[in-house]
Amino acid sequence: MRIYLIGYMGSGKTTLGRELASKLRFSFLDLDKYLEKKYFKTIPQIFEEEGEAAFRLKEQACLHEVSEFEDVVVATGGGAPCFFDNMDVMNRTGYCVFLDVDSEELASRLMESKTERPLIKGKSPDELMDFIDKMMEKRRPYYERASYIVSGTNITPEEILVRIEFEHG
Ligand SMILES: Nc1ncnc2c1ncn2[C@@H]1O[C@H](COP(=O)(O)OP(=O)(O)OP(=O)(O)O)[C@@H](O)[C@H]1O
Ligand SMILES: O=C(O)C1=C[C@@H](O)[C@@H](O)[C@H](O)C1
Ligand SMILES: [Mg+2]
């Protein structure tokens, strides 16, 4: 059994993923952290030294590995569902949950921690909102291929569990 949390940067994948895993007594895995450990480099370093295309290939390789782990909640990278066969892999090997948080809320959360996220580094609040809106438009069709979509500014792990248990017993 595997649960994949997908959604934009700041949607709460890491925060909710940890809580969900602890409730299910599953392990928790953050795909970004897994990648950094595997390649001995931080994500900002990979973006800077090798470019985004190289990062996406590494991300795909990590997802393929993780898709064979048992009883795990995986917080994916924000862009992971939108590249290669990643969405197919997740839907084939587990339950995929899209955390659908609106851009205003995302921008306010990300303003506090954007230095660690290379795609949004250095943006003003207005630039950030605009950037998120444009990117969400492109990403939404991928995200919406998830088995479950949960939305709002205060998504709880219980809400996700209820959806999964209700539909799968
Ligand atoms: N339900 C929530 N309500 C309010 N704030 C939240 C909620 N979930 C997460 N946050 C806050 O939003 C920020 C981003 O959360 P988190 O790191 O879990 O997102 P993420 O989806 O893992 O982002 P990334 O894709 O960049 O890894 C954190 O500061 C976290 O405390
Ligand atoms: O939204 C994205 O494309 C990204 C999100 C982060 O989780 C990291 O995977 C990386 O910074 C790229
Ligand atoms: Mg995260």
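Cβ coordinates are placed from backbone N, Cα and C, and glycine is handled just like the others.
Under the heading ATP binding site, TrEMBL lists G10, S11, G12, K13, T14, T15, R117. Taking the Cβ of R117 (ATP binding site) as centre and 10 Å as the limit, one finds 17 other Cβ atoms among all the protein chains shown. In the three-state DSSP assignment, the secondary structure recorded for R117 (ATP binding site) is coil.
Note: T14 (ATP binding site) has non-local neighbours D30, A75, i.e. same-chain residues 6+ apart with C-beta under 8 A of its own C-beta. Positions annotated as Mg(2+) binding site by TrEMBL: T14.
According to TrEMBL, the substrate binding site annotation covers D32, R56, G78, R139. Neighbours of R56 (substrate binding site), defined as other CB atoms within 10 A of its CB across all chains, total 17.
Cβ crowding, taken as the number of other Cβ atoms within 10 Å, peaks at G10 among the binding-site residues G10, G78. In terms of Cα distance, the binding-site residues that sit within 10 Å of G10 (ATP binding site) are G78, chosen from D32, R56, G78, R139. Listed in chain order, the residues near the ATP site other than G10, S11, G12, K13, T14, T15, R117 are G7, Y8, M9, L16, A75, G78, L99, R109, each with its Cβ within 8 Å of the site Cβ centroid.
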